[in-house]
Amino acid sequence: MIIVTGGAGFIGSNIVKALNDKGITDILVVDNLKDGTKFVNLVDLNIADYMDKEDFLIQIMSGEELGDIEAIFHEGACSSTTEWDGKYMMDNNYQYSKELLHYCLERGIPFLYASSAATYGGRTSDFIESREYEKPLNVYGYSKFLFDEYVRQILPEANSQIVGFRYFNVYGPREGHKGSMASVAFHLNTQLNNGESPKLFEGSENFKRDFVYVGDVAAVNLWFLESGKSGIFNLGTGRAESFQAVADATLAYHKKGSIEYIPFPDKLKGRYQAFTQADLTNLRNAGYDKPFKTVAEGVTEYMAWLNRDA
């Protein structure tokens, strides 16, 4: 059995889909369906069982055996970069992850987990998986950074696989439940379909991020499980493309609309990553050599998925 925490969420459900595509259905999805809208991410997928996050954590903390576990993909977390409840964030993203990690280490279970490019904070170059480059801007980024630091202490002594992925700006199918935290491509598509002008912040041609398609993210996760490699790796494309490029690809698909530029909100000033670009040196050195979709390729594929019933 493979366990996917956050399996009804964005990246988790895409990992479940990637496993299904390989014929793997003996999957336990762990999630919190308090937001009932997330169930739609699982409707077309095949899993063996579902467990609530709190029930799962109780079993993990009590050391209960959950059966023959091949691996745990730990995608479950609070991923809101605007959430400032530090206790909630640390409980969800740090303590929970530590409990799961030790459960896996004691049983020799591969543990593959979601870290984040938010660990790098506001830097504009050298996004390298090393302490001197890490300075998160928000408590979400700090919770991810602190767990990476915890893992670094354990990695040299670990007898089973531990791998963390620093996700950059992931976009693609199954993110609709994320609301304001969904990708720019998702929001632009919604605005166009509602007959509105798609909106970007002023200066969006200068805001550049490493936008990575979620299908590529899932593929990297599965490759690492098969390879058995351990470590903490950036997971982006290695390219920085502008929000304007995302909008251009969205408009090109829809063949209509023009961008309305809106003022940059004061509340985000100083807490906003204006530039991200994954350094893929470690990922490539680990042996992952497949290409990543460009914004034009990924957004076009995503638009086709979003508008498949239109």
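Every residue gets a Cβ built from N, Cα and C, even glycine.
Substrate binding, as stated in Swiss-Prot, involves S180, H187, F201, E202, G203, S204, R209, Y272; the candidate among N159, N169, N221, N285 given for that site is N169. Taking a C-beta cut-off of under 8 angstroms and a sequence separation of 6 or more, E202 (substrate binding site) has the following same-chain neighbours: Y261, I262, P263, F264.
Cα to Cα, S204 (substrate binding site) and D31 (NADP(+) binding site) are separated by 35 Å.
Local packing around the binding-site residues K38, K144, K178, H187 was summarised as the count of other Cβ atoms within 10 Å of each Cβ; on this measure the leading residue is K144. Listed in sequence order, G6, N92, N93, Y96, S97, A114, S143, K144 are the same-chain residues at least 6 apart in sequence whose CB falls under 8 Å from the CB of A77 (NADP(+) binding site). When the recorded positions F10, Y140, Y272 are compared by the number of other C-beta atoms lying within 10 angstroms of their own C-beta, Y272 comes out lowest.
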